[in-house]
Amino acid sequence: MTWLQNITKESKIWIVNYACAIDYYVDLNKQKNSVLIPGGKGINVAIVMKSLGFDPTVITFLGQPTKNLFLELVKPYDLNIVSFISETKTRINLKLLKDEKTTEINDLSPLITDANLTELLTFLKANVKNNDLVIINGRFKFEALEKVLNLVFTLTENVVIDVDESKMLTLLNQSKPLVMKPNIDEFQTMINTFFHDQQSLIAAIKKFHYCKLLLLSDGDKGAYLFDQNKLLFVSSITPKQVVSTTGAGDTLLAVFLANLILKVDLKTALIKATNYASATISKLGVVDSKDKISVITPKSYYL
C-alpha cells in the first residue's frame, strides 16, 4: 500500500518547527566537558533525513541575540532553513548529563507576533504543493498551531504531526493526518486516559482512528505502529552505551518517514527506525551522515 499521496521526485519535504533551539550539554561526570548542538524537533528530524539522502526545508522562527549562534552551529549540516522573526531569543535548552541520565531544563517558547505568524502562513500557502510532505513538530502556542493546521490540511494530504498538545484531537477538526507520533506520556494526555498495563494501552491504540498511521514511542520498551488495521510492536534495541536520550524519538520519526517515502514496508521501516533511534542514544545530538548504522533485527510481533 502507498501511504504517501502523489509523492514524486519533485515533491518537497517541509518541516514546520515553531521553536528551534540551541542544546547546551553539560557532563556533570566530567565538569569541564560542555557542548553546544543545534536542536529542536524539526532540526533533529532534518539532520537525520539529510543523512539519508533527502533535502528537507525547516521553516521556523529565530530571534537575536542567539539567532546567529544557532545558524553557525547548524551550518555544518547543510540544511535548508527559512526563518521568520521571533521577538525573543532563539531558545537555549540545558541538558545535564550524569550516570546515563539526562536532566532537561528547557527554555521558554519564543514570542511570535501575529504579523510574523502571518508571514509564515503566507510562505506555506505560496510554496506547499499537494504532493509535498509537511511535518509539523516541536513546541507551538495553541493559537499558532491551530492556524498552521487549518492551512496545511488544505494544501496537502501528506501531513505528519509530532506536537505535545493536550487538545490536539479538537484541533484536528475531522482532518486526518498521515502520521501522528506521540510518546507514551503525550498519548495518555491527548486521549485523557492513563494505562496501568500493556493490555489497556493496546486497547486504547486500537481505538485511535484520528490518523492513518499512529507511531507511538514507549521509551526503552520499544515502539508501536497502528495502521488502522494491524498493530505492530517492535522492541527497543539496547544501545552500545547511553549518552543522552534527547532526539531518539525525532530519529525514530525521521527514519520511519524516509523509508515510507522509499515505499519500504511498514515493519521494515519501523525496525530500521528503531536501530537509528538506538544509535542516537549512544551520542550527543542525533545520528548524521558521519555515523555508520548497522541494522539488527529486534523482537517484533503483531498484537
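Glycine residues also receive a Cβ, built from the backbone N, Cα and C atoms like all the rest.
Taken from Swiss-Prot, the feature active site, proton acceptor covers D250, and the record attributes it to similarity to another entry. As annotated by Swiss-Prot, ATP binding site applies to S217, D218, G219, D220, K221, G222, G249, D250, with the evidence given as similarity to another entry.
Mapped onto this structure are the features recorded in Swiss-Prot.
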residue : record           : DSSP class
S217    : ATP binding site : strand
G222    : ATP binding site : strand
G249    : ATP binding site : helix
- So among the recorded positions D218, D220, D250, who's got the most Cβ atoms within 10 Å? D250
- Within 10 A of the CB of G219 (ATP binding site), the number of other CB atoms across every chain shown is 13
- Message: Measuring Cα to Cα, how far is K221 (ATP binding site) from the residue listed as 'active site, proton acceptor' in Å?
- Response: 16
- For the binding-site residues G222, G249, the largest set of other C-beta atoms within 10 Å encircles the C-beta of G249
- Query: Including all protein chains displayed, how many Cβ atoms other than that of S217 (ATP binding site) lie within 10 Å of its Cβ?
  - Reply: 26
- Within 10 angstroms of the C-beta of K221 (ATP binding site), the count of other C-beta atoms across all shown chains comes to 13
